Each structure stands twice: as structure tokens, then as C-alpha cells.
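Student: Got a structure here, written out as C-alpha cells. Questions coming.
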Amino acid sequence: MDPKNKTTADFILLGLFPSCRYPNLLIFLILFIYALASAGNSILILLIWLDPRLHTPMYFLLSQLSLIDLAYISSTVPKAATNYFTGRRNISFFACATQMFSFLTLGLAECILLTLMAYDRYVAVCNPLRYTILMSPKVCLKMAASTWIGAVVAALVHTIYPMNFPICGSRKINHYFCEMPAILRMSCVDTSVYETVKFVSTIIFLLAPFTLILTSYTLIFLTVLRMNSPKGRNKALATCSSHLTVVSLYFGQAIFIYMTPTSSHTPDQDQVGAVLGTIVTPMLNPLIYSLRNKEVVGALQRCSSRCCNRDSASFLP
């Protein structure tokens, strides 16, 4: 194959579970989840922005997580749904590279952000007297900036490298979006060196943050066990358990996809991992953080009350 042709021909996305017996039911289920995720994350961002009581470092970082989740699910589902309803499954080389870059940027940003959120909880529980200094607004902005810059740089490397591998034969991607393992499977050259680079990067961006998060929560739980106030203990555990649930969902699927060689799992297994990470998790995150968080529920009630009062006042003479 002529290497020059690798950037001129379109790829063909086979879609979400192409062998599924009920594709209509599947796509409408995915769109329903997309609607829930979009609404949930948008409401959470809006509440944090509108309610002064939520203008704290923890909720600032949570708003960043909701922003990532909103962009995460929007980077894949609309394109997959458009392809399904129009019957056009092709995607250009540039669009494929852009989608991969967006997906990797958001995934890496979420990984870094979850680590910073664990640090925030560690400081709040273990060093409460220094919390306002260690988690000042200036520090929070620097955290957010470093999260996005680090994610963009790493994603750029892992987009340019695999997208430049020559592709032989079929350009059909057995996936509903352009993902790194799916692209590597089509390459006709030895990718073992890149697999090693990917493994090392995974250790840096997945295992290292995961270890830091576990260390943070180990120290938090040891501090919580020494608390004399049952109310304070329960509040700390409630907040931390929400974060740990999200961490488990994210790191479970990410380690499975990126810490194992591409050849060790099937395309269907890749799709299951991708659905959990890019569709299910963005829907669950706002539910996990809101239903188990009295401050978020209270902010929602206050916002709803203000809206109802304004509507009632508009009908008065």
C-alpha cells in the first residue's frame, strides 16, 4: 500500500455492536442515556455557578468534572447517532484524528482531575486548618489549567503517533468512534514499540494517579476513624464514598482498555469498555454526586423555589 494514501481515504465506522439483533432499541437507549447525561451535568454546572454556597474548591473541581463528562459523551454519541440514522458510516481521516484527540484529551483530563479531587478531600479532612491556603481560588485555577494543558499535550502525542501508522487492506473500524485500539488493529506494521510507549504512559496517567488516590483515601479513612463526632464522620464518609464510586467506574474500564495489549481483547470487549467510560459513567456521575450530597440537593431545592416564586410573581397583577 502506498503510504500517501493513508490520509486521503475515509474510514468506515461499523457502529455500536454491529451484530446486535435490536439496533433500533440500542440506539434509542443510547440517546436516552445521552439526554440524561447532558441534562444532569448541565444542571450540576448551573447549580454550582448560581448558588453561592457551592462556590468552594470541591464544587469548582466537580463543575470541571461535569464539563468533561458533558464534552466526553458529546464527542462520540451524536456522530454515532447521525451515522446510524443517515446510513453514512464514513468518517474522514482528519475527523477521525480530531475525534481521537478529543476523546483522549477528555479521558486524561478526567483522570488528572479525579486525582486533584482526592487531594482536595485529603486536605479538607486531614488538614482543615490549612484548607483555605492550600485550596485557595488561585490554586484551584492553576489545578484546572494544569489538568487541561497536561491532557492536551499527552493526547496530542497519542493521536499523532498511531494516526501515522500505514494501514493495509480494509479501513473498516469495528467501533462507533475512532479509538486508539481500533486504529492500531488496522495497522500493517509492527506496533510493539508503540504498545510499550502506551503502557508506560498508562502507568504515568492511570496507575500513578490511582495510587495517589488510594493513598489519599487511606489517610482520610484513618483520620475519620479518629474523629469523635459521628456527624462529622458521616459527612466525610458520604462525600468520599461518592468520589470513590466515580473513581472505581473510571479507572476500571480505563485500565482494562489501555493497560492490556490491543491483541488481548476483542473489538466487542473494547466497545463494552468504551460504552461504560464514555456513555454510562457521564450519566452516573451527576446522579452519584447529587443524590448522595445534601448540599447539591439543597441548592436544587433553593433554585427550584426561586424559579417557582418568580413564575408566581409574574401572574400577580
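Every residue gets a Cβ built from N, Cα and C, even glycine.
The transmembrane segment feature in TrEMBL is assigned to 25-50, 91-119, 139-161, 199-224, 236-259, 271-291. What TrEMBL records for 40-289 is domain 'G-protein coupled receptors family 1 profile'.
Looking at the shown structure, what environment does each listed feature sit in?
Tutor: A Cβ distance under 8 Å defines the sequence-distant neighbours of the transmembrane segment (25-50), meaning residues of its chain 6+ beyond its ends; these are 16-17, 59-60, 62-63, 66-67, 69-70, 73-74, 77-78, 80-81, 84-85, 279-280, 282-283, 285-287, 289-290, 296, 299-300, 303.
Long-range contacts of the transmembrane segment (139-161) within its own chain (CB-CB distance under 8 A, at least 6 residues past either end) are made by residues 57, 60-61, 64, 97, 100-101, 104-109, 112-113, 116, 180, 194, 197-198, 201, 205.
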